[in-house]
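As C-alpha cells, the structure follows; a few thoughts come after it.
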Amino acid sequence: MKRAFEIFRRDVNRLSHNMVAMIVTIGVCLIPSLYAWFNIAANYDPYANTGNIKIAVANADKGTENEFIGELNAGKEIVQNLKENKDLGWKFTNKEKAVEGVKSGKYYAAIVIPEDFSASLVSILSGDMKQPQFEYYLNEKKNAIAPKVTDTGASTIQTQVNEEFIAAAAGSVSKILGQTAEQMGTQIDQAQENLITKMQTVEKNLEEYQAVLENLNKTIDGSDDLISGTQETLDTLKGAAVSGAKSINQGTDILSSVRNSVGALSTGLSEGLTQGADTLSGISSAVGTDLGKLNEKVQNVNEKLGNAITSVQDLIAQNEEILAVLRELDNQVPGSPLSDIIGKLEAENQRHQEILKNLQTGNASIGNAVNTSVHGLNRIAAAIGDGQKSLQTSRKSFEQNVLPSLNQSLDSFAQLSGRVSGILTGVEPSAEQLKNVTGDLKQTLSDTKAAMESSQKALEEVQKKMNTAITDLGTLQSSDIYQSLTELTKKNAEEVAEFMYSPVQLKTESFYHVENYGSAMAPFYTNLAIWVGGIVLIAIFKMEVDRDDKIKSFTATQGYFGRWLLYITTGLIQSLIICLGDIYLLKVQCENPAAFVFAGLLASFVYVNLIYALSITFKHIGKALSVILVILQIPGSAGTYPIEMTPAFFQFVHPLLPFTYGINAMREAIAGIYGMNYWKNLLCLAVFLPLALGIGLLLRPRLLNLNYLFDRKLEETDLMICEEEGMKREKISLSTAVKILVGQDEFRKTLNDKIEKFQSGYPKRIRRGFLAILIIPVIFLILMFSIDSKMVFLVLWIASIILIALYLIIVEYIHESLKRKKRFSEMSDEALLKEVKENTQRGGGEQ
C-alpha cells in the first residue's frame with residue numbers, strides 16, 4: 001500500500017497547489033449537500049402551507065324546513081364554517097366562475113353545493129330519501145400532489161356535514177326517545193309496584209290457604225272417630241231391627257192363639273189386650289229410641305261431611321284464585337319457574353275435585369239410606385200407634401162391638417204385623433249398605449288427608465319462591481343496571497347529540513415520534529445526495545492513475561487503491577458536510593446525532609466504493625450502471641412510500657439495494673433506536689463492500705485490454721470523453737512470445753487463418769449487433785406498454801441494451817487482439833525480446 005499512499009499524496013499536492021482545482025474540489029464537496037438540503041428544506045413542512053392552495057366554493061343551496069329539525073340551510077352553514085377554516089385557501093364565488101377557474105388553472109379545485117342540498121339532507125326524515133351530493137371539480141393537470149390535498153378538503157367538508165347532520169338528528173331523536181323512555185320508566189315502576197302488591201296478596205292468600213288445609217286435616221282426623229261411631233250405631237240398628245221382627249212374630253203367634261181361643265176370649269180378653277198393648281208400647285219405645293240415636297248419628301255424619309265438602313270447595317276456590325294470579329305473573333315474567341308450580345297446583349286442584357265428588361256422592365248415599373230407614377220406622381211407629389188405639393177402643397167397646405168384629409181386627413193386626421216384619425227385615429240390608437258407604441268414606445277421607453298434606457307442601461314451596469321473587473324484584477329495582485337505565489332516560493339531548501357528533505375518541509400513542517415531514521425525508525435525501533456525490537466524483541476526477549518522474553511504475557492494484565484513497569476521502573468529506581448540515585443547519589430532528597453522522601460516513605464509504613469499482617472496471621458502462629442503480633433505488637428503497645405500496649418488482653429488489661439499509665440506519669438515529677436495528681442495518685450495508693472490492697480488484701485486471709479498446713474507440717470520435725493514461729503501451733503475454741519465437745512461420749500461418757476467418761464474419765457480426773441493439777430493446781419497450789408486468793420488461797429492456805453492448809465490445813476486443821498479435825508476429829526476434837523484457841520489468845500489470 002506504500003505506492004498507493006504515494007499516489008494519494010501526489011494527488012493531494014496537485015490539488016493543493018492549484019487554486020482553481022481547489023475551488024472545484026470544494027465545490028465537489030458542497031454540491032451533494034446542496035442537493036440534500038434544498039430537497040429537505042422544500043419538504044420540511046409542506047402541509048403547513050396548504051392555506052395557499054386555492055379551492056373555489058360555490059353555494060347554491062336554497063335551504064329547507066322540517067318539522068323535526070326546523071329551518072335548515074346547510075350550504076350557508078358550510079360556507080360560514082369554511083370562512084373560519086384556514087387549512088386551505090377557500091375562495092367563495094358562484095358556480096360558473098368556480099368551474100371556469102378550475103379549467104383555467106386559477107383554482108386547483110372547486111366545490112359546488114347544489115340548490116337542493118339541504119332538502120336532500122333531511123329527506124330521510126320524510127321517508128322520500130334522496131342522497132345529498134356535492135359537485136366536485138378538479139384540475140389534475142396542474143400538479144400531482146395538489147389533487148390529494150384538495151381531495152382531503154372535499155372529504156373534510158363531507159365529514160363535517162355528516163357529523164353536523166348526525167348530531168342534529170341524534171339530538172332530535174334523543175329528545176323524543178328521552179320523553180318516551182321517561183314515560184316507559186314511570187309505567188315500569190308502576191307495573192313493578194302492582195306486581196309486588198299482587199304477589200304479596202298471593203302470599204297472604206297462601207297463608208290463609210295453609211290454615212284452611214290445617215283445619216281440614218283436623219276435621220278429617222275427627223271424622224275417623226265419627227265414622228267409627230256411626231258404624232257401631234248401624235250395628236245396633238241392625239240388632240234392634242232383628243229384635244223388633246222377633247217381637248212382631250211373637251205378637252202374631254199370640255194373636256193366632258187368641259183367634260184360636262175365641263171361646264176363652266171373653267174371660268181373658270182384658271189380659272190379652274193389655275199384654276198386646278204393652279208389647280206394642282215396648283216395640284214403639286225401642287224403635288223410637290233407636291230411631292233417635294240413628295238420626296243423631298246421621299245428622300252428625302252429615303254435618304261433618306258438609307263441613308268437609310265446604311272446606312274442599314273453599315280450598316278449590318282459593319286454589320283457582322292462586323292459579324289465576326300465578327298465571328298472570330307467569331305471563332308478565334316469561335321464562336320464570338312459576339310454570340312448574342302452576343302445573344303442580346292444577347294437578348292438586350284436579351285431585352281436590354275428585355275428592356269433592358266422592359264426598360258429595362257418599363253424603364247423598366248416606367242421606368238416601370237414612371231417609372229410607374226413617375221412613376220405614378215412621379211407618380212402624382204409625383202402625384203401632386194405630387194398633388194401640390184399636391186395642392183401647394176395642395177394650396172400651398168390647399162388649400158392644402168387639403166380639404162381632406174381633407176376627408176382623410185380629411186379621412188386620414196380623415196383616416199389620418206382616419207389614420212391620422217386612423219393614424224391619426229391610427232395615428238390616430239398608431244398615432249394612434250404609435256401613436259400607438261409611439267405610440268407603442273413611443278411605444276417601446284418608447286419601448283427602450294425604451292430598452291435603454301434598455298440597456300443603458306445594459303451597460310452602462310456592463310461598464318460598466314467592467318470597468324469593470318479591471326479594472328479587474326489590475333487588476332489581478335498587479340494582480346499578482336498573483338505576484343506570486333510569487339515568488339514561490334523563491340524559492340531555494344536547495349531550496347525546498355531542499356524543500353522536502363524535503362517538504369515538506381516538507387515543508394516539510406514537511412510538512418514535514418524528515416532528516415534521518422534512519425530518520422524516522432526511523434519511524432518503526441524505527443517502528441520495530451521498531450517492532450523487534459519488535457520481536460527481538467520477539465525473540470530475542480521473543479514475544486512471546498517470547505516471548511521472550516520481551511514480552514511474554505501479555501495478556493495477558496499487559493504481560486502484562491510490563486513486564481510491566482520493567475518492568474515499570472526498571466522499572467522506574461530502575457525507576460529513578451533508579449530515580452536519582442536516583442536523584445543525586436545517587435543524588432536522590435527530591435523537592442520536594453521532595449515530596446519524598456515523599451512518600452517513602459508512603454509507604458514503606460503501607457507495608463510493610461501489611461507484612468507483614463499477615466505473616473503473618466497466619468504464620462508461622459502469623458509470624451508466626451507477627446511474628441505473630440510483631434510479632432503481634429511489635422507488636425500491638422505501639425512502640418515500642412504504643415498500644408494500646410499490647409494485648412486486650421493487651418489493652423483490654428492496655432487500656438487495658444498499659439504500660435500504662443506509663436509510664433505515666439513519667431513521668433509527670433520527671427517531672430513536674430500537675434494540676440492535678441500527679447495527680443490523682449497518683452490518684447489512686457493509687456486506688456490499690466486499691462486492692465492490694471484488695469487482696475492482698479481481699475483475700478489473702482481466703478487463704484492462706477491453707477497457708483500453710473501448711476508450712480508444714470512443715477517442716476516435718473526438719466527441720466522447722475518455723482517459724488516455726495507461727493506454728499507450730500494449731503488453732504481450734509470455735506464452736504468445738514463446739510461440740512466435742519457436743515457430744514464427746507456423747504461428748503466422750495459423751494466426752493469419754484465424755484473422756481471415758474472423759474478418760470474413762466481422763462486418764456481419766457488427767451489423768447484427770447494431771440491429772439487435774435497436775430492435776430487441778424496442779420489442780421490450782413495446783411489451784412494457786402493452787403488458788401488465790411493466791417493471792419486468794423495463795429491466796429486460798435495460799439488460800438487453802447492456803448485454804448487446806457487451807457483445808459488440810467483446811467482438812471488437814477479439815478483432816483488436818488478433819490485430820495486435822499479428823503486429824507482434826511481424827516483429828524481429830530482437831524487438832520481440834525487448835518487448836517481453838519491458839513487460840517483465842513492469843510486473844505484467846503496469847498500465
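Positions of Cβ are set from backbone N, Cα and C atoms, glycine also.
TrEMBL entries are annotated by machine, without manual review.
Note that the coordinates shown come from a computational prediction; the quantities given were computed from them, not determined experimentally.
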Examine the ranges 192-226, 262-296, 367-401 and name the one recorded by TrEMBL as coiled coil. 192-226
Same-chain Cβ contacts of the transmembrane segment (592-612) under 8 Å, 6 or more residues past its ends? 526-527, 530-531, 533-535, 537-538, 543, 563-564, 567-568, 571-572, 574-576, 578-580, 582-583, 626, 629, 658, 662, 665-666, 668-670, 672-673, 678, 681-682, 685-686, 688-689, 691-693, 696
Same chain, outside the transmembrane segment (524-543) by at least 6, Cβ under 8 Å from its Cβ: which residues? 24, 28-29, 31-33, 35-36, 39-40, 43, 563, 566-567, 570-571, 574-575, 578-579, 582, 600, 603-604, 607-608, 610-612, 615-616, 623, 626-627, 629-630, 633-634, 637, 639-640, 659, 662-663, 666, 723, 725
Selected stretch (most C-beta pairs under 8 A with the transmembrane segment (20-38)) from 564-586, 624-643, 678-699: 564-586
Which whole number is the mean pLDDT over the coiled coil (192-226)? 64
